[in-house]
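Visitor: Would you mind keeping the following structure in view while I ask a few things?
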Amino acid sequence: MKLRGVSLAAGLFLLALSLWGQPAEAAACYGCSPGSKCDCSGIKGEKGERGFPGLEGHPGLPGFPGPEGPPGPRGQKGDDGIPGPPGPKGIRGPPGLPGFPGTPGLPGMPGHDGAPGPQGIPGCNGTKGERGFPGSPGFPGLQGPPGPPGIPGMKGEPGSIIMSSLPGPKGNPGYPGPPGIQGLPGPTGIPGPIGPPGPPGLMGPPGPPGLPGPKGNMGLNFQGPKGEKGEQGLQGPPGPPGQISEQKRPIDVEFQKGDQGLPGDRGPPGPPGIRGPPGPPGGEKGEKGEQGEPGKRGKPGKDGENGQPGIPGLPGDPGYPGEPGRDGEKGQKGDTGPPGPPGLVIPRPGTGITIGEKGNIGLPGLPGEKGERGFPGIQGPPGLPGPPGAAVMGPPGPPGFPGERGQKGDEGPPGISIPGPPGLDGQPGAPGLPGPPGPAGPHIPPSDEICEPGPPGPPGSPGDKGLQGEQGVKGDKGDTCFNCIGTGISGPPGQPGLPGLPGPPGSLGFPGQKGEKGQAGATGPKGLPGIPGAPGAPGFPGSKGEPGDILTFPGMKGDKGELGSPGAPGLPGLPGTPGQDGLPGLPGPKGEPGGITFKGERGPPGNPGLPGLPGNIGPMGPPGFGPPGPVGEKGIQGVAGNPGQPGIPGPKGDPGQTITQPGKPGLPGNPGRDGDVGLPGDPGLPGQPGLPGIPGSKGEPGIPGIGLPGPPGPKGFPGIPGPPGAPGTPGRIGLEGPPGPPGFPGPKGEPGFALPGPPGPPGLPGFKGALGPKGDRGFPGPPGPPGRTGLDGLPGPKGDVGPNGQPGPMGPPGLPGIGVQGPPGPPGIPGPIGQPGLHGIPGEKGDPGPPGLDVPGPPGERGSPGIPGAPGPIGPPGSPGLPGKAGASGFPGTKGEMGMMGPPGPPGPLGIPGRSGVPGLKGDDGLQGQPGLPGPTGEKGSKGEPGLPGPPGPMDPNLLGSKGEKGEPGLPGIPGVSGPKGYQGLPGDPGQPGLSGQPGLPGPPGPKGNPGLPGQPGLIGPPGLKGTIGDMGFPGPQGVEGPPGPSGVPGQPGSPGLPGQKGDKGDPGISSIGLPGLPGPKGEPGLPGYPGNPGIKGSVGDPGLPGLPGTPGAKGQPGLPGFPGTPGPPGPKGISGPPGNPGLPGEPGPVGGGGHPGQPGPPGEKGKPGQDGIPGPAGQKGEPGQPGFGNPGPPGLPGLSGQKGDGGLPGIPGNPGLPGPKGEPGFHGFPGVQGPPGPPGSPGPALEGPKGNPGPQGPPGRPGLPGPEGPPGLPGNGGIKGEKGNPGQPGLPGLPGLKGDQGPPGLQGNPGRPGLNGMKGDPGLPGVPGFPGMKGPSGVPGSAGPEGEPGLIGPPGPPGLPGPSGQSIIIKGDAGPPGIPGQPGLKGLPGPQGPQGLPGPTGPPGDPGRNGLPGFDGAGGRKGDPGLPGQPGTRGLDGPPGPDGLQGPPGPPGTSSVAHGFLITRHSQTTDAPQCPQGTLQVYEGFSLLYVQGNKRAHGQDLGTAGSCLRRFSTMPFMFCNINNVCNFASRNDYSYWLSTPEPMPMSMQPLKGQSIQPFISRCAVCEAPAVVIAVHSQTIQIPHCPQGWDSLWIGYSFMMHTSAGAEGSGQALASPGSCLEEFRSAPFIECHGRGTCNYYANSYSFWLATVDVSDMFSKPQSETLKAGDLRTRISRCQVCMKRT
């Protein structure tokens, strides 16, 4: 608006200058009489040099308001407003073109589990291949015949068990299964017979007695070693006397071998006796006794270690089906086996399926979610007639073909003309017919000195009204009058004129463009009923109707019957309630063709008669033969007329086609009372159709009954015309009138500002140019006049429901419907009308439901548009209908909102040139008008093709011939060869002016003239103002690759930017081990810890020094009674005994201090650029930078000629220079850039001189020398932005400038070389899907079109050839401190691409790139190698305090310490909540959450923290939100993963739902510990010891990491208690989904810390596959320890 105000002010200032300067010019002609010879014009001098800018003038008067400006740029997004009331539903816009293909949608919900594939043939254990993508589980195959024993394959997936009543064939021997759960001891069996004695075993050497071992650790979950020997039992009762060999000699005792006695029961232990003296030495060892009888069955011993697998035994008898075993580890992928034979279907015996009766109809459920779009169903039978639609006229259909000429209608009564309020002044009208010849004016002798014309005279008296002339040719559109001076006061309305004589019939025009939709007219009174027409032929199937309401009555429940044959038609039902007025009836039949009237010869003109009455509408003329004419301008909206009298019904017409236009939905009516329900009658025999009855008077509205809707009633007679309506609203401003006759040239004005002038007149059509580039989308043109009604098109698809129509008149009351009296329901709130749903497939016949309440249900969601059905058959074309009478004009509609800019449509075909109209008579010249104010800048005119110059016309010096009739455009000639330019001719003498002839009477239309020669090219219009920024266009096609631009001078360094956001998580780096850092400095000694509880006994240490003599041991078991020996003398001292037992382990040394911090490692590689983000709003234009300090580079090569710039603002006018002598013609110079248009020249003589012959061509001139540089002018206002020039040639490289501010992101370059795999990035925000451009078809190459706008900057060219290698090797210096930010340098030209230098040192990480658009989902990557163990994470924040736990047992008295607590979480991996360890307090208990996965990204919980123990379980515990303040829950393909229990999966392997999930979810407890808790891992199968001063809380297995869907997952910090699970399972977690199901899947993996032998630490790990039963032999053990307080 500011710009418009400036241009207005400048225009008014110019006007003031021109008015003020007129007396000076008039003085040059002072005293000239009309007959004298004054030379007032002077000799026109050469065009002077542009003067210096003049002083700024005074501000002008305020200008008139300018035309409405173009739409401004989109403003910034405002704050959210208060939600307004719901507005009325807008008018449905026309359907848009099909959009571009959208970006691929987000992944859908996972499909149902596929059927398992057949079991493959076990292959050999191959070498471990690359990890493949996880396959889907196959179906279990049938048991095949036993093959020859192959090499044992890897363990397969557990197969399904098919229960069969018959015993199967004998199976192959299985591998040893894992040990089962220990059963209850069975009853004692009958002792079996004594077996034969086995062969004697080899005698083993007796082993030395071992030392007593230390007490072992807590046992493992699997079979441990045999326990220690128990304590001495009580003394048993005395046994039966044994057979003792006689004593032969007192000393030389010899025992004879006795028989084996029966084992006695164990007696109670006797009291310990007093230690006796040492007994005499016993006798010699007797012989080994014979094998005793087997004793009773002992107690079950502890489980031994797993033995080695034995040799496969012979096949045993088939066993009973075992319990399902635990899931084994997933084996390696075997080779693909050959396809197996087709399996047999083994039905399960004894399970017949009986189909029960159909249940009662249920209560209506809640509206379901919107389903997926289904496939189109098969074509159903035609539905019942739908209820009558609202009587609202739909939008006009497409123009049909012209119908045959109809009969002339009867003359209607004259309408009542209600004058409206006076409209605004219209544009100047077309010139009227010439009046009678006026008196001759004064004769002006021919002379070369013509004075300026005098002031305009008074208006003349109006002439007599002439005859109505033929329709003249439509004139060119006149120039738009911007800033017209003066607003006339509207005059009073004139008297209505007398009717004119009937005009001759016009020729048939072609359909124009569709006009704007008018407002709906006022509803007329109800018409009389019309005579019913004869039934039409059956039409084609209409579009699918709305589903009708189904009212059913309760009956007895029957079985579903077979489909019966069609019954006879029933008796006519009772009359239904009258429907709303129906759509207009079918058109009548084709009438007889009328006679063709020919136009008679034109008679001599008679005297003007009084205007006659308006004639009847003439018969339609014969169709024209020419091609369609151009689109006409939109007509003025007329005032609504009164409805006409009813016409006589036409005779029967051929059946027409019905196009159903959906009307607007009506307002909801008030609910009526329930009617009495009658019993349904039996169907009667079909009766004959009765005659139509006389319409009854309008009754009171009846009570609506419950019943099926009746068929639509017959169309009523047209109604009696209503009273005249109220005066209409004032009409719109009329069309722009044709241009007036040209005035005489005005006096020379002051040099104006070089504002752009209006565009020149259009030239004659040039030769057809080649198809130019596709232009920008223009603003919508004015609507054309309404086209003629076309033939009915084929039925279109059913449209969406339109807006509500006006309520129709109240119909007569209907008869009471039949129905059962329902109970009165509570009044419901009427819901809005829902969208019509698709027809479903007919379901089974349901039981009749109870009658529903008359309450509209809640609106359903709008369904997805269905897939287009198969096209119906094309029906035969209907006969053309009679032309309808002109309807009353509707009220002007409100202008619709400007629609969104549509995508560019395809270029339409070239139209056929129209026939020329009858030439109009030339009008008289008008009086000279005042010069208008300069108009605003027009739109930039398109450059016209130059026409061929015409030859000079014959010249009569006395008479100036009148303008000849415009001939038909000639066919385009073949372009001639370009000849050499002729020499410049001398200017000819001006010719004598001719006398003005009197205008003749209108002649008859002349014959068709010969084609005229092409006219002179029009003047080049000034450039228009820069248009406003349009809406974002769709992506254009790929431009032609532009030439590489010149290199820019490096800018100055900018200020240090703000720290960037956190970069994306990189991909895993190349697995290499970084250099270890230097040891850090020793830390300060810590505070002394709290004394801990006694630790578990340590493992066996190295042999210690000989211990002190031990204390006397416990009494041994009593030996056999010895015989007393003789006491011997004391012997000498014996030799030293063996070393004693190892001593207790020593105290561990103090903890060392922390090391020095290591040096930082080398910087990592630069991460890959992130995905494109959502495009931000357009940034504000930056301020211009300061001039740089760089030295100017050498001058670049001359650039190509730039495109024409826009005209600048005028400078201050300078003093006029003296006219110099005209120089000789120079040599032909290079073409210069076209300058702005010059000021208008002085007026020439008022008479047209003859056109001179073209002069001979002058020799080409030499280029002139460049003039000296002038002084700089005053700074002008900011010019309008010129068009973007073409890129120049590359200049020489400039000096490097300082680094500039960070610019906006550039266009995406060509892809570089593939970088190394970066680390995996965090997920980017999802980008907005772009519109992918569709590649258009290649056009036919045409001849060169006019010069197009410069194209968009092409993508960067390919890299140039490598230049010579550089010389200096850059060595990275130490980074200096950041300097003061310099001024930004001017952007230099880009230099040519230099050679590839040597690789420099790794630079610092770059600025984060903008998020890219989301790419398409790539294929799943291969699983990477496990990364190095990460550093333990920092401890998380303490959670909020939970509710008080149960009262714990009283703790031991603690030492005084500062009160502090640490939260840990213990997971039971069962359905029972775990107990908190001793010394901790329970905070709360919950369910064990392992990790969640959303938007294909996983986020894990540390199982040792409280965050992994959610107090409530849900298969989808989270939801996701976006930037639009919208959150979605359980509506996407997201997952949650929970620790699971040992509960086996059901045999069907179906996903778990509902309450069946609960047994599979592990429970957990959050405990508060008084000190820090850590986990220690042994990396062996031995349980590690807690550090000294720490107490054990629990032991377990070292759980490290887990992955599942999409190879996503998370892991545990090995220092956290969450990395030490108390139970090992190969599948320790279960996957749950947002749809409420959980299941185990084959792509779920758990990762456990493995055992490492000390000797194998730095050698290559050996591949190994462990089967079930051996899994725990390679899994590291761990212990969770708490610091002793």
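Positions of Cβ are set from backbone N, Cα and C atoms, glycine also.
Sharing the record's features from Swiss-Prot:
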- 1-26: signal peptide (SIGNAL)
- 27-41: region 'Nonhelical region (NC2)' (REGION)
- 49-1459: region 'Disordered' (REGION)
- 266-281: compositional bias 'Pro residues' (COMPBIAS)
- 413-430: compositional bias 'Low complexity' (COMPBIAS)
- 493-505: compositional bias 'Pro residues' (COMPBIAS)
- 620-630: compositional bias 'Pro residues' (COMPBIAS)
- 709-727: compositional bias 'Pro residues' (COMPBIAS)
- 868-880: compositional bias 'Pro residues' (COMPBIAS)
- 882-901: compositional bias 'Low complexity' (COMPBIAS)
- 912-931: compositional bias 'Low complexity' (COMPBIAS)
- 1111-1120: compositional bias 'Low complexity' (COMPBIAS)
- 1149-1158: compositional bias 'Gly residues' (COMPBIAS)
- 1202-1211: compositional bias 'Gly residues' (COMPBIAS)
- 1295-1308: compositional bias 'Low complexity' (COMPBIAS)
- C1476-C1567: disulfide bond (DISULFID)
- C1509-C1564: disulfide bond (DISULFID)
- C1521-C1527: disulfide bond (DISULFID)
- C1586-C1681: disulfide bond (DISULFID)
- C1620-C1678: disulfide bond (DISULFID)
- C1632-C1638: disulfide bond (DISULFID)
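Context for these features, please: burial, neighbours, distances.
Guide: In the predicted model, the region 'Nonhelical region (NC2)' (27-41) has a mean pLDDT of 52.
All protein chains shown were included, and the count of other CB atoms within 10 Å of the CB of C1476 (disulfide bond) stands at 22.
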Visitor: Counting Cβ atoms within 10 Å of each candidate's own Cβ, which of the disulfide-bonded residues C1632, C1638 comes out highest?
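Guide: Selected residue: C1632.
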Visitor: Which ones in the same chain are close to C1509 (disulfide bond), with CB under 8 Å and 6+ residues apart in sequence?
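Guide: Correct list: T1465, H1467, Y1484, E1485, G1486, F1487, S1488, L1489, C1564, A1565, V1566.
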Visitor: Consider the disulfide-bonded residues C1620, C1632, C1638, C1681 and say which one has the Cα lying nearest the Cα of C1521 (disulfide bond).
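Guide: Nearest by Cα distance to C1521 (disulfide bond): C1632.
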Visitor: Specify the secondary structure state of C1476 (disulfide bond) as given by DSSP, simplified to three classes.
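Guide: Looking at the DSSP assignment, C1476 (disulfide bond) belongs to neither helix nor strand, so coil.
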Visitor: Between C1681 (disulfide bond) and C1632 (disulfide bond), how many Å separate their Cα atoms?
Guide: 33
Visitor: Quick one, of the disulfide-bonded residues C1564, C1586, C1678, C1681, which Cβ has the fewest other Cβ within 10 Å?
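Guide: Fewest other Cβ atoms within 10 Å, among the disulfide-bonded residues C1564, C1586, C1678, C1681, is found for C1586.
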Visitor: Since the record lists C1527, C1567 as disulfide-bonded residues, which of them has the fewest other Cβ atoms within 10 Å of its Cβ?
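Guide: Fewest other Cβ atoms within 10 Å, among the disulfide-bonded residues C1527, C1567, is found for C1527.
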Visitor: Hey, what's the Cβ neighbour count for C1620 (disulfide bond) at 10 Å?
Guide: 29
Visitor: With C1620 (disulfide bond) as the reference Cα, tell me which of the disulfide-bonded residues C1527, C1567, C1586, C1632 is the closest one.
Guide: C1586
Visitor: Looking at the disulfide-bonded residues C1476, C1632, C1638, which has the shortest Cα distance to C1678 (disulfide bond)?
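Guide: Closest by Cα: C1476.
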Visitor: Between C1586 (disulfide bond) and C1476 (disulfide bond), find the distance joining the two CA atoms and give it rounded to the nearest Å.
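Guide: On Cα coordinates alone, these residues lie 19 Å apart.
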Visitor: Using only C-alpha positions, which one of C1476, C1527, C1567 is spatially nearest C1632 (disulfide bond)? These are the disulfide-bonded residues in the record.
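Guide: Sorting the disulfide-bonded residues by distance from C1632 (disulfide bond), the top entry is C1527.
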Visitor: Would you identify the secondary structure of C1564 (disulfide bond) according to DSSP, in three states?
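Guide: The residue in question, C1564 (disulfide bond), is strand (DSSP, three-state).
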Visitor: Measuring CA to CA, name the entry from the disulfide-bonded residues C1476, C1527, C1567 that ends up nearest C1638 (disulfide bond).
Guide: C1527
Visitor: Within 10 angstroms of the C-beta of C1521 (disulfide bond), what count of other C-beta atoms is obtained when all protein chains are considered?
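Guide: Taking every protein chain into account, the count is 10.
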Visitor: How many Å lie between the Cα of C1476 (disulfide bond) and the Cα of C1527 (disulfide bond)?
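Guide: It is 38 Å, counting Cα to Cα.
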